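Structure first, commentary second.
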Amino acid sequence: MARLTSFLLLISLLCFVPLCLCDKSYGGKLFPGYYAHSCPQAGEIVRSVVAKAVAKETRMAASLVRLHFHDCFVQGCDGSLLLDTSGRIKSEKSSNPNSKSARGFDVVDQIKAELEKQCPGTVSCADVLTLAARDSSVLSGGPSWVVPLGRRDSRSASLSGSNNNIPAPNNTFQTILTKFNRQGLDVTDLVALSGSHTIGFSRCTSFRQRLYNQSGNGSPDMTLEQSFAANLRQRCPRSGGDQILSVLDIISAARFDNSYFKNLIENKGLLNSDQVLFSSNEKSRELVKKYAEDQEEFFEQFAESMIKMGNISPLTGSNGEIRKNCRKINS
């Protein structure tokens, strides 16, 4: 706990730089006090809308965390995922990782509408995603952290980047790690951030291969615990039913805790990309064991890794823009 406390204290102290810096880019870096004077109620506005959305549908917490992840892995944390297809922009929403699965855009719209009422043209959509992810963790019983702010919104999207940069459910461990490494994240970040799968659901199409044809020879994934696999087959047929949902964490699907890691040790990870953290690499296996034994350690590292992910290639200063509508660039 001491490690995280010291880390967050250092981040918090950045708010106390001279006041003239608190609403401007500080050397291109992000810091928590960015909206302290231009929109001091920003955090509360985001938290209020997210709380209502999660109270209405607990699944929304996982969906909002996922939006932040899928945004940051493409062009950095710049809100590019939120853009609809228009003119020269081909939306990332239509990529393989996002099509028919990315959700929560209406919640982001609600947050942005409230922010525009109170602080027009001030808070970026990229920062909305970052704050909403933190609040979703807290509302689900997970850790909180101080969110560095000051990101600006991109004026472009990358459909190819979304297809190529975001790890797929059936990727090998090395492929997933390579994709994390390209973003400046290491194996510890990979395992900790994967722990967000302690909440939420996944579609049948994302894990069907494990049930029926893992290696292309018509055989299931033998690392999958057999009774768990049998139950999944009852919900996920060999063909059809692509959108049928199963929980990512069979112990506590709506509560953010460390049971996800306990599932992996018992070979009950839903996705191949989950189970390989325990079955395919010694270092990641030891991290899985550590987080399964110590929830506080997991929470501390998850918070630290979320801050690190949120710092991937942000647009600051005069780069990008502050969108009025998160779905389209300013005209």
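From the backbone N, Cα and C atoms, a Cβ is placed for every residue, glycine too.
Bear in mind that TrEMBL entries carry predicted annotations, made automatically and left uncurated.
Straight from TrEMBL, the features:
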type	residues	note
ACT_SITE	HIS70	active site, proton acceptor
DISULFID	CYS39-CYS119	disulfide bond
DISULFID	CYS72-CYS77	disulfide bond
DISULFID	CYS125-CYS326	disulfide bond
DISULFID	CYS204-CYS236	disulfide bond
SIGNAL	1-22	signal peptide
SITE	ARG66	site 'Transition state stabilizer'
(request) Please tell me which one of the disulfide-bonded residues listed here (CYS39, CYS119, CYS125, CYS236) sits closest to HIS70 (active site, proton acceptor), measuring Cα to Cα? (result) CYS125
(request) Select the closest residue to CYS326 (disulfide bond) from the following disulfide-bonded residues, measuring between CA atoms: CYS39, CYS77, CYS236. (result) CYS77
(message) Among CYS119, CYS125, CYS204, CYS236, CYS326, the disulfide-bonded residues in question, whose Cβ has the most other Cβ atoms within 10 Å in this structure?
(response) CYS125
(message) Looking at the disulfide-bonded residues listed here (CYS39, CYS125, CYS236), whose Cα lies nearest to that of ARG66 (site 'Transition state stabilizer')?
(response) CYS125
(message) Tell me the Cα distance separating CYS119 (disulfide bond) from CYS236 (disulfide bond), rounded to the nearest angstrom.
(response) 46
(message) In whole Å, how far does the CA atom of CYS39 (disulfide bond) lie from that of CYS204 (disulfide bond)?
(response) 42
(message) Given the disulfide-bonded residues CYS72, CYS77, CYS119, CYS204, find the one whose Cα is closest in space to the Cα of CYS125 (disulfide bond).
(response) CYS77
(message) Please list, in sequence order, the residues in the chain of CYS72 (disulfide bond) that are at least six apart in sequence and whose C-beta is under 8 Å away from its C-beta.
(response) GLN183, MET309, GLY310, ILE312
